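Listed in Swiss-Prot:
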{"type": "ACT_SITE", "residues": "Lys192", "note": "active site"}
{"type": "BINDING", "residues": "Asp37, Gly38, Glu39, Arg96, Gln97", "note": "ATP binding site"}
{"type": "BINDING", "residues": "His130", "note": "Mg(2+) 1 binding site"}
{"type": "BINDING", "residues": "Asp169", "note": "Mg(2+) 2 binding site"}
{"type": "BINDING", "residues": "Arg194, Asp218, Asp222, Thr223, Ala224, Gly225, Thr226", "note": "D-ribose 5-phosphate binding site"}
Amino acid sequence: MRGFKIFSGSAHTLFSNEVAKCLDISLSKTTINRFSDGEINVQIGESVRGKDIFIIQPTCAPANDHLMELLIMTDALKRSGAKNINAVIPYFGYARQDRKVVPRVPITAKLVANLIEQSGIHRVITMDLHAEQIQGFFDIPVDNLYGSIVFRDYLKTKSFKNPIVASPDIGGVARARHFADRIGMDLVIVDKKRERANESEVMNIIGDVDGKDVILIDDMIDTAGTMCKAADVLKSRGANSVIALGTHPVLSGPALERIAKSALDEVVVTNSIPLRVAHPKIKVLSVAPLFAEVIRRICHNESVNSLFF
């Protein structure tokens, strides 16, 4: 194995420590402070000369701070003689701004890709990009893992009598179909009409859910409006139970309250983002072992293809 070190930003140190533990190493030392005006100051606490470096930093809220911290850490490591710098970004912020949908708006996902690449990062390891084409915004290797691998294993522990996979909207059909095909289930679609940003209105169910145990799947749960309204409609159409699988628990604004009041029986997420508070309906699955295995294989010059579910 090549000599490597793992550093953690401040976004999710619990996750970083879990990844390091899976690899039987300790996180390398770094100090992250702020100047009196709020600017971020980073100091690397040990030699990295000639080493392969992995920085673990999801760019979740506050996205601007965590992204800037990642870039500054990268610059510090590059100037300290690191050989290769790999950014492990379990949740890739700004991924929803991947194209122009109205005039005179930015493509921020491309801008962020440019910033990451120009900072000196040689490889990005992420999971469930909101838009997979973002991989093409980079001219460096991007490994986009899938949370569905841990969801599949979790579903094996459930005793569903008549399960079926559902996409909460038309945009997620490809993701839901891929998951349904891999686990051998049929697919239904919840069609919705979006009234305004972060608000959704469920309109119709395409498929039969009467007496079924419905498994909603999406890449993220933000305000939870889509998932909760979908669950309510599915139950009204005769669904026996409804659980939601969402890789990234953004859970902003009224999300937790909506989940509590909704017809959702369970919400299953990963620890790609730190959960704000515990919630009786929310189950968190760890993807730290998955990321640790990717790091191990990269350091051994092994293929990571089998880890893409």
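Positions of Cβ are set from backbone N, Cα and C atoms, glycine also.
Feature annotations (Swiss-Prot) mapped to structure.
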residue: Asp37; record: ATP binding site; DSSP (3 states): coil
residue: Arg96; record: ATP binding site; DSSP (3 states): coil
residue: Lys192; record: active site; DSSP (3 states): strand
residue: Asp218; record: D-ribose 5-phosphate binding site; DSSP (3 states): strand
residue: Thr223; record: D-ribose 5-phosphate binding site; DSSP (3 states): coil
Asp169 (Mg(2+) 2 binding site) as reference: those binding-site residues from Asp37, Asp218, Asp222, Thr223, Thr226 with C-alpha within 10 Å of it: Asp218, Thr226
Assigned element (helix, strand, coil) containing the residue listed as 'Mg(2+) 2 binding site', judged by DSSP: coil
By Cα-Cα distance, the member of recorded positions Asp37, Gly38, Gln97, His130, Lys192 nearest Asp218 (D-ribose 5-phosphate binding site): His130
Shortest C-alpha distance to Gln97 (ATP binding site) - which of the recorded positions Lys192, Asp222, Thr226: Asp222
Largest tally of Cβ atoms lying within 10 Å of a Cβ, found at which of the binding-site residues Gly38, Gly225: Gly225
Gln97 (ATP binding site), number of other Cβ atoms within 10 Å: 19
Lowest local Cβ density (other Cβ within 10 Å) among binding-site residues: Thr223, Thr226: Thr223
Cα-nearest neighbour of Asp37 (ATP binding site) within the listed recorded positions, His130, Lys192, Asp222, Ala224, Thr226: Asp222
Residue among recorded positions Gly38, Glu39, Lys192 with Cα closest to the Cα of Ala224 (D-ribose 5-phosphate binding site): Lys192
Rounded distance in angstrom between the Cα atoms of Thr223 (D-ribose 5-phosphate binding site) and Gly38 (ATP binding site): 29
Lowest local Cβ density among Arg96, His130, Lys192, which the record lists as recorded positions, within 10 Å: Arg96
Integer Cα-Cα distance in angstrom, Arg96 (ATP binding site) to Lys192 (active site): 18
